[in-house]
Amino acid sequence: MSKVFVNISLSLDGFMAPEGMDMAHFSDPTYKNWGAKWGALMAWALSQQYLREKLKLGTGGETGPVNDMVRHTFERTGAHIMGKRMFEGGERGWPEEAPFHTPVYVLTHERRNPWVRPGGTTFYFVNDGPEQALALAREAAGERDIRISGGANVIQQYLNLGLVDELEIALIPVIFGGGRRLFENLHEPLPQFRIDRVLASPTATHLRYVRL
Ligand SMILES: NC(=O)c1ccc[n+]([C@@H]2O[C@H](COP(=O)([O-])OP(=O)(O)OC[C@H]3O[C@@H](n4cnc5c(N)ncnc54)[C@H](OP(=O)(O)O)[C@@H]3O)[C@@H](O)[C@H]2O)c1
């Protein structure tokens, strides 16, 4: 059966997004310096050749094991699941050809028709909870895997349901001091993982955990 995995970037002090990075301040990245902090969190990824090509950021970029890992992550993914807060930021920030190229299931209370983007990405808005979103994603993904894209709220729900098979964290040497914390709101029985791989680079430590 296909795997359910998380693959995110995390600040050294455990935040997925800096304080101030919200819709009210989306057009003011100087607010609480959120723009620079987010840039520092994502810099490792945006310097990989594969992602630069995918996001049409230009030629060049790093090749090597981290780039191969990024390519593998995209190629294995047959469907994405995300929360409404992540979607809202992306709706304003992603290029017209959104960088998913699969069905994307957005957990939300909002009722909305599917939003089709060029390049194979369609956003479906799911009002029936995380298990229903996963059932739809599994069906769409076929043999491929399902990526729980984020944000923190949605990842916490899947961790609490015991449904995350693999947890991949790019730990970035930047300290946010506040923001959207990944590991909170978790309850017993807490998920248990073993270390599967550690890949060190000058800009990130790539940690891969597999569920026990
Ligand atoms: N560091 C990384 O790699 C990374 C990756 C992804 C995202 N992020 C960042 O994470 C931040 C967003 O994370 P977040 O934790 O604030 O929010 P989120 O998980 O993206 O979205 C939470 C929202 O989704 C909706 N939702 C979630 N579960 C639901 C359910 N079961 N039923 C119905 N609706 C549900 C609710 O919105 P409504 O009630 O309004 O519908 C809820 O407030 C963004 O800043 C994003 O950029 C970072």
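Placed from the backbone N, Cα and C atoms, the Cβ positions cover glycine too.
Whatever TrEMBL says is automated annotation, not expert-curated.
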SER9, MET16, LYS84, ARG85, MET86, THR108, HIS109, GLY151, ALA152, ASN153, VAL154, GLN157 bind NADPH in TrEMBL, but which of ARG52, ARG71, ARG180 does that record place at the same site?
ARG180
Return the residues near SER9 (NADPH binding site) by Cβ distance under 8 Å, restricted to its own chain and a separation of at least 6 in sequence.
MET16, LEU41, MET42, TRP44, ALA45, ILE169, ALA170, ILE172, ALA204
Under 8 Å by Cβ from ALA152 (NADPH binding site), same chain, sequence gap 6 or more:
MET16, ALA17, ARG180, ARG181, LEU182, GLU184
If one looks at the chain holding MET86 (NADPH binding site), which residues at least 6 apart in sequence have a CB under 8 angstroms from its CB?
SER149, GLY150, GLY151, VAL154
Checking the spread of the NADPH site as listed (SER9, MET16, LYS84, ARG85, MET86, THR108, HIS109, GLY151, ALA152, ASN153, VAL154, GLN157, ARG180): what is the longest Cα-Cα distance, in whole Å?
26
Go through LYS84, HIS109, ARG180, the listed binding-site residues, and name the one with the sparsest Cβ surroundings, counting other Cβ atoms within 10 Å.
HIS109
